[in-house]
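These notes are about the structure you will find just below.
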Amino acid sequence: METTGLTTTEAKALLNKIGPNKISIEHRFSFFGLLFSETFNLLNILLMIASAVSLMIGDLLDSILIFAIVILNTIISFWQEYKAERTLQELRNLTHTYVKVLRDGKMSQIDSVELIPGDVIHLESGDKIPADGVIFQSYGLEANEASLSGESLPVFKRSEAGHNQVFAGTLISAGHGIVLVSATGMSTRFGRIALSLKGIKETETPLQKQIKHLALNIGLIALALSVLIYFVGVSLGQRAVDMFLTSVSAAVAAIPEGLPAIILITLAVGVRRMAQRKAVIRKIIAVEALGAVNVIATDKTGTLTKGEMRAEKLYVLGKHYTPQSIKTALNQPKMKKFLDALVIPNTASLLYRFDHGTKAVLGDSTEGALLQLAEFLGINTELHKASAEILEEFSFDQKRKSMSMVVRKDGKVEALVKSSPEFMVSASTRIPQDDRIKILTEEDKQQLADVYSSLTKSGYRVLGFGYKPMDEQTGYRRDEIESDLIFLGFIALSDPIRDEVKESIRLAKQAGIMTVMITGDNELTAHAVAVKLELAEEGDEIITGKDLEKISDEQLKNIIQKVRVFARTNPEDKLRIVKAFQQLGLSVAVTGDGVNDALALKQAEVGVAMGKKGTDVAKEAADIVITDDNYATIVKAIEEGRTIYDNVLKSIRYLISTNISELLTILIALILGLPSPLLPAQILWINLVSDGFPAIALALDPKDPMAMKKLPRSKEHRLLNLNSLALLIGIGLAVSLIALIVYWHTYKSSGNLAFARTWTFSTLILLQMLVAFIIRGNRKHANQKLVAAVVFTLAIQALILVNPIFYPIFKIEKIW
């Protein structure tokens, strides 16, 4: 069925009428629901009770102040949660799905949200189907409809009624085809049942779970100490009501209730920073996992290299050519067969760019390079493709390293085959010579092997081409088509190495991260590129897919750390390699772009899909999508992941050490028989101003220049171990002892309890600001946010100390 698709004008008008192709049911949070939950949490309820008790005993100022702190606490915690939620919602909109669509008679690429009923789209293996549709043409098309039916087996799709429907949200698992869009957005089957979209809840990461568990344990300890403060105070003659208010205030101050929200902000802001650096996080768990990565298992083409394939050398009909020199030989009879094999079994297309006056590749870069070569040779690739009727097609097979088509052209039926050079030489039995076809001898095959080996050693990617006459029949077997071939030639493609990759590999190595290349390319090509990147050295061992077939998992585990290049591999090999590293206790980040890479992407601690050349299946399985397909971006993401984790630790350590200092100051004073050095209003004020702002500032600390000069943290690393806890207790104890010395000295020298409490109150805030800088450590670059937080906190405290209006509120006195 021939069609030119919709016009741009028609599409725009229909889009305005029908609306975008998207599911309108999405994750939302309630503004008022969030406000209610933050207002009436357990700690605020305790404070409300304390406020009511103060009012009942006639202390109106204390009651008002405590209630005001409830309001301020609510505002701050609400802002933290609201900011985190808004940031996460922004991040959900960062990823886009693009689709090939026929508009104005030409194939182009648009965002899938712009699709409308009546559009004609091209789907291929790895695509996520963007809308419901009816199949025009199917070439081995199979769909995985598990998201709708629960059935994981692929469903064969044909143009015949009953088998010709595809559905939005499902995946193309094999083949390719042309589809007429019948429904979009909420009109699709997926939209009508809103599958899996109601009540979506963000999954907590292990780090978030650790923090919640930690906050709960700290809270229980704080409550126990607060109860102890109450009974110690009462037993030493303090008023029960006073001690109740003090112990409640101490409990509220000591429990790090804002910690989960601070961490969520840290993760969300970090994810946004990564997106700005072209690493889009799909699963927030990846942020913390990045910091523990020991191994980056990366593809070669388009990740270490630019993915800008260009045909540079040809070996056709027994002769060497360049793209320029072969022009004079195009009139040879068999050269036409070579051009057919070059153009017809090709999944890419060329899109004319009016702004550049050139044709851009739409699809695989290798396939595109072949079309660009044909166009350079004067072939109109679109017309040349249209001149052949496709009778059968077998898509590229990762294991065989081949693809083929059976076509009818000029009244003849022929099989056209494109493959790796090794497969082509082994599958060929004949070769054109002059005006006849001669049998390939073993000597001939060795000569062909020498030709492609010479090219691969120079770093070229080499493809082989062949054909054979066929009889027209109702069905064809792949092994029948791809055997007994007539050899046509090789094309050597160059792909420049990315400028920044070599330095990024060095940086990763400095950070204790091993980089391993896993590629489907020839081992000589792969090794040549690895040597240029200083990823490997001359003479280093290379393991191929065939080698992997011969060794056990245990043998692989024993040798894997010595190998930097794996060549001629398939996705199953990649999965084995990832598992072998994991069995050694190493954390792996693996890249992938194909349908079958999904298994390895899911198995690895961090699955990295390519944004440009990656299939939708790979992106669905991945934790991160690299929008520029660049290895260097993975290293930047790891650096960001390490920074985020370090900042989380700083916030936790700061909050715990300062909370310990407040509790110990009160408890030790009471045990020594002294009146409480802090009143409830003072405790709550310290908690409000000195805990919140510096903790958030530490969580947003700029990256440490030393972050990539440290070894990766262990996967079993815990936020707090005995050593770090002992250090924090030590810091908290030191702060409390200094505060107590100030308290004891001023109380004894002046005999004025309010005067002594004023000094203790201010000393604790000042010392806690110093603790923030101690926790941050000696860093070359300043944290402007932390400086601002400290200056702001001290300025507010100074305002309280110099303005008599605050004296009765906080029960303080002038101290100079």
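Placed from the backbone N, Cα and C atoms, the Cβ positions cover glycine too.
Caution: TrEMBL annotation is automatic and unverified by curators.
Features of the protein shown, as given by TrEMBL:
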- 1-59: domain 'Cation-transporting P-type ATPase N-terminal' (DOMAIN)
- 31-57: transmembrane segment (TRANSMEM)
- 63-82: transmembrane segment (TRANSMEM)
- 214-232: transmembrane segment (TRANSMEM)
- 244-269: transmembrane segment (TRANSMEM)
- 652-673: transmembrane segment (TRANSMEM)
- 679-700: transmembrane segment (TRANSMEM)
- 720-744: transmembrane segment (TRANSMEM)
- 756-775: transmembrane segment (TRANSMEM)
- 787-810: transmembrane segment (TRANSMEM)
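In this chain, the transmembrane segment (679-700) lies in contact with the transmembrane segment (787-810); the count of Cβ pairs under 8 Å, excluding pairs fewer than 6 apart in sequence, is at least 3. The stretch with the most CB contacts under 8 Å to the transmembrane segment (652-673), chosen from 679-700, 720-744, 756-775, is 720-744. If you look at the transmembrane segment (756-775), the same-chain residues 6 or more away from its ends with a CB under 8 A from one of its CBs are 650, 653-654, 657-658, 661-662, 665, 677-679, 682, 685-686, 689-691, 694, 697-698, 731, 735, 738-740, 742-743, 746-747, 750, 786, 789-790, 793-794, 797, 801, 810-813, 815. Mean pLDDT for the domain 'Cation-transporting P-type ATPase N-terminal' (1-59) in this predicted model: 73.
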